[in-house]
């Protein structure tokens, strides 16, 4: 009986290292460690109430958001998995106010890892897809990073990815050479390549936005959504469907597969905040992935990957997905500004 040939994450990364000479061995090892940590997080997520990890932890993170037990556990899993491998100079997380330097008793490497350990955690208790988002940067200051070391434009990312913990657990990854999706084989414990060179359809009839905030949106977003909702009788002469999961990884994963636009705009409630999503560990890695898949990502005025971060937990408006739609809503913002 012949065995079905399957490409695992390890095999894929080694082949990339051999063929392109643009994937250093220590970056390959770092990605594999992050992937193993995502497997561990997936296990704890799948236990649900049986694992005593549901509910809140009685604390808040630096964003002022109530932490779930799984938020804290996922953060600890990623820290512990990556601190001793010798590939990193430091890490930063949504759940920590300051960056995490590699302890002195461990070897250090040339990379920085930035992550949202459990995106969409408000959905944990109701069993809706959640995930992990991560970004890898080179440390410009050798092995002794400061917070400034992390504040690099998204164009400087050397790898980015996300895991979705849903009906299947999948890992979507880019190292700057296209986007690939791996599905976790729970029986064998390995990530198996299931989608190669993913591409976002240019034309789309779906969009994702939290419509409950409509009364707070600025005029360019009101105009754009108004056109979509007008359907065949409106200026777009087509019917559009809205989908909103309230989990960025789930919404973006759907768009990556089916096309569409994901929007989390700034609004009038707090003009001092340019948006809700964090630039370093949400918008940047997702924008890198989307652009590698042929899509686009802006903050309404400029390409997200060109934004110079000013702080570790900086927020930004996000419009990403199928290029034609992102270009249109960005044009509305620029026309209003001018």
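Backbone N, Cα and C atoms are what each Cβ position is placed from, and that goes for glycine too.
Taken verbatim from Swiss-Prot:
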type	residues	note
BINDING	94, 116, 118	Mg(2+) 1 binding site
BINDING	116, 119, 282	Mg(2+) 2 binding site
BINDING	119, 120, 121, 122, 210, 276	substrate binding site
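Feature map: annotations from Swiss-Prot on the structure.
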residue: 116; record: Mg(2+) 1 binding site; Cβ contacts under 8 Å, 6 or more apart: 93, 94, 132, 133, 134, 278, 281, 282
residue: 118; record: Mg(2+) 1 binding site; Cβ contacts under 8 Å, 6 or more apart: 41, 68, 70, 71, 74, 75, 124, 130, 131, 132
residue: 119; record: Mg(2+) 2 binding site; Cβ contacts under 8 Å, 6 or more apart: 130, 131, 132, 133, 162, 247, 248, 249, 282
residue: 120; record: substrate binding site; Cβ contacts under 8 Å, 6 or more apart: 128, 129, 130, 131, 245, 246, 247, 248, 249, 250
residue: 121; record: substrate binding site; Cβ contacts under 8 Å, 6 or more apart: 68, 70, 71, 130
residue: 122; record: substrate binding site; Cβ contacts under 8 Å, 6 or more apart: 246
residue: 210; record: substrate binding site; Cβ contacts under 8 Å, 6 or more apart: 244, 246, 264
residue: 276; record: substrate binding site; Cβ contacts under 8 Å, 6 or more apart: 264, 315
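Under DSSP, residue 282 (Mg(2+) 2 binding site) is assigned to a helix (H, G or I) in the three-state scheme. Look at residue 122 (substrate binding site): DSSP puts it in a helix. Listed in chain order, the residues near the Mg(2+) 2 site other than 116, 119, 282 are 94, 115, 120, 131, 132, 133, 162, 248, 249, 277, 278, 281, each with its Cβ within 8 Å of the site Cβ centroid. Residue 276 (substrate binding site) falls outside any helix or strand according to DSSP and counts as coil. The residues near the Mg(2+) 1 site, meaning same-chain residues not in 94, 116, 118 whose C-beta sits within 8 angstroms of the mean position of the site's C-beta atoms, are 71, 74, 75, 93, 95, 115, 117, 119, 121, 132, 133, 281, 282, in sequence order. Cβ-based neighbour count (10 Å, all protein chains) for residue 94 (Mg(2+) 1 binding site) stands at 25.
Residues 119, 120, 121, 122, 210, 276 are the ones the record ties to substrate, and the longest Cα gap between any two of them is 16 Å.
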